[in-house]
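*Asks:* Okay, handing you the structure first.
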Amino acid sequence: MEKMEESNKKETNVKRQKGGMITMPFIFSNEVCEKLAVVGFNTNMISYLTTQIHMPLTKAANTVTNFGGTASLTPLLGAFIADSYAGRFWTITVASIIYQMGMTSLTLSAILPQFRPPPCKGEEVCQQATAGQLAILYGSLLLGALGSGGIRPCVVAFGADQFDETDPKQSTKTWKYFNWYYFVMGASMLVAVTVLVYIQDNFGWGWGLGIPTIAMFLSIITFIAGYPLYRHMDPAGSPFTRLLQVSVAAFKKRKLTMVTDPQLLYRNEELDAAISLGGKLVHTEQMTFLDKAAIVTEEDNVKSSQAPNLWRLNTVHRVEELKSVIRMGPIWAAGILLITAYAQQSTFSLQQAKTMDRHLTKSFEIPAGSMSVFTMVFMLFTIALYDRVLVRIARRFTGLDRGITFLHRMGIGFVISVLATLVAGFIEIKRKQAAFAHGLQDKAHGIIPISVIWLVPQYALHGIAEAFMSIGHLEFFYDQSPESMRSTATALFWTSISVGNYVSTLLVSLVHKFSAGPDGSNWLPDNNLNKGKLEYFYWLLTGLQVVNLLYYICCAKVYTYKPIQIHSKDSEPEKDGLELASTV
């Protein structure tokens, strides 16, 4: 009878951990709706705040940046909760409900007149929003930022969890999943900046916000309905506590002499069972000063049946977790400058577009803000080409199932990003030459008779660069992070985007300050772009990216992939497989 019960439990666990391709529609629906809502609103948010809430432009701009900054930091909180306590499924579910509450209140404020100031009348000064109306707005934005913080880092990691590469029956690989994830995310963003923005501008904010709100509600139901199909990874306690324990233990034992044989370092498979379901990390020769946290002394009393004091003694697996995190740091930092370059599309590239002839046909003029469509289209095309063609070609030369390593993929993205800002500088020269040729250099808002199509190459190159670098970056974080903190690691991807935008703000401020001449000239003038030296700024970015590329090559060259001993699907321990560290 007991054997039958055990067998039934095993069968239940197998069913519960099914995973695979069948789960993707349930998971992707949540991500698509979150992106529709976030991007669709953020793209036109400044317009909503100024035309509907009647905010002054500077206050509206600060609201946009404050909301963006908060939304970029909350993924760290969401990832911590998922990895430490709630697990990814429940974090996504609760975060989606919080996000739904924010979207619902925002939609109601756009529909119900009592939640926003009355429309402006003629030349009268527009009535600004009351404290209560602003409280509803800020509360909605805060709920949205908190909800996004739980969704963004967890959806990508939860989706990747559904594919078990150690299972020989699992044909789909995680590298394919990351391509699909980014493609679906990019496609939903493309719909948001075209269809949703069009609805907002032509049919009103009630429809423009109501459609993604309803879609988000349906996606939550769909996501929860897929619960029996998912593979669930249980949280294993705070990863930050474990990292801190290793650091403290290594510091306490800093004066000890290192053991000659790494096999003498402390190991405890039972203690590490919950944080090494996919395999245990094995000892590496880097950062050996941290290995002292695993040196056993008489005070540690490891012969006792009780677990050791983890503030004094840690296992090799836990020490290697900290090493893995430290090794990822330099690669994480290398991605910041690419985001800084990418950010110029929504600032100076947009200003360039405003001064150019934007007629694609005699009757259709593309809005300057919609030029980012070219970035997204080329990004989506590159992802599809990479997945269906380039991987197969590269596989013949490298023998790797994924074609090239994610570090090589990121490197290609860096090179293309350098070309993007280099080309942008030359196009700016051509734009200004056209302005001078037609006597428009003093007319800040004059339309220069040069087609906006000239800007497409820089937008396209940024899109291609993102398809290589951003997906490689995301895959790197998931693959190389300790398995017990994968949500936190993917949150680092979003954090690098946040830092990249802040670096852009700092760089623009510094260039504007130090390029100012006594005659009022400036590389980045406040009013008339035709009198500036925007090409110098682009080439400064190019130079910084070249230095960053060399830095990245050095980091990638010495980077050691985390070595992991994979648990065999067979129950016999001697059949465990060891994946050794490799250096690229």
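Easy rule for this one: first residue shown is 1, then count along the chain.
Just so you know, glycine gets a Cβ as well, placed from its N, Cα and C.
Sharing the features that TrEMBL gives for it:
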TRANSMEM  180-199  transmembrane segment
TRANSMEM  205-230  transmembrane segment
TRANSMEM  325-344  transmembrane segment
TRANSMEM  364-386  transmembrane segment
TRANSMEM  406-427  transmembrane segment
TRANSMEM  447-471  transmembrane segment
TRANSMEM  492-516  transmembrane segment
TRANSMEM  536-559  transmembrane segment
*Asks:* For the transmembrane segment (364-386), which stretch among 180-199, 325-344, 406-427, 492-516, 536-559 has the most Cβ pairs under 8 A?
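*Replies:* Result: 180-199.
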*Asks:* Would you say the transmembrane segment (325-344) and the transmembrane segment (492-516) are touching, if the rule is that at least three C-beta pairs must lie under 8 angstroms and be 6 or more residues apart?
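*Replies:* With 3 or more qualifying Cβ pairs, these stretches touch.
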*Asks:* Who are the long-range neighbours of the transmembrane segment (406-427) in its own chain, taking Cβ under 8 Å and residues 6 or more past its ends?
*Replies:* 175, 331, 334-335, 338, 341-342, 344, 349, 352, 454-455, 457-458, 461-462, 464-473, 475-476, 479, 534-536, 538-539, 541-542, 545-546, 548-549, 552-553, 556, 559, 584
*Asks:* Checking distant contacts: for the transmembrane segment (447-471), what same-chain residues at least six beyond its ends satisfy Cβ-Cβ under 8 A?
*Replies:* 178-179, 182, 335, 338, 341-342, 345, 349, 352-353, 355-360, 366, 368, 371-372, 374-380, 382-383, 386, 409-410, 412-414, 416-417, 419-421, 423-424, 427, 430-431, 434-435, 438, 440, 493
*Asks:* Which residues of the same chain, at least 6 past either end of the transmembrane segment (180-199), have a Cβ under 8 Å from a Cβ in it?
*Replies:* 24, 28, 31-33, 35-36, 38-40, 43-44, 156, 159, 207-208, 211-212, 369-370, 372-373, 376-377, 379-380, 383-384, 387, 467, 470-471, 474
